[in-house]
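Working notes, beginning with the structure itself.
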Amino acid sequence: MQKLTILLLVAAVLMSTQALIKGGGEKRPKEKIKFLSKRRTNAERWWEGDCTGWLDGCTSPAECCTAVCDATCKLW
């Protein structure tokens with residue numbers, strides 16, 4: 001009787017671990033993590049048109065390649 005109980009417990013553990021491995025675990029959304037992404041320089045961002053060059057008009061620091069906005073993009 002004890003052997004049967006142990007066998008049933010082992011079978012239950014194996015089935016539960018198999019269900020977790022197949023994807024029955026957590027269902028939370030995974031964030032995209034870019035570990036190997038290359039960070040671009042300000043010049044590369046400007047060249048590709050992703051940001052505004054210095055002395056051009058701006059409304060927020062995110063628009064400027066240097067992230068310094070005072071009505072126009074500044075170098076410092």
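Counting begins at 1 with the first residue displayed.
Yeah, the Cβs are placed from backbone N, Cα and C, and that goes for glycine too.
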Of the candidates Cys51, Cys64, the one sharing a disulfide with Cys73 in Swiss-Prot
Cys64
Cys51 - recorded disulfide partner, Swiss-Prot, among Cys58, Cys65
Cys65
Please report the distance from the Cα of Cys64 (disulfide bond) to the Cα of Cys51 (disulfide bond), rounded to the nearest angstrom.
5
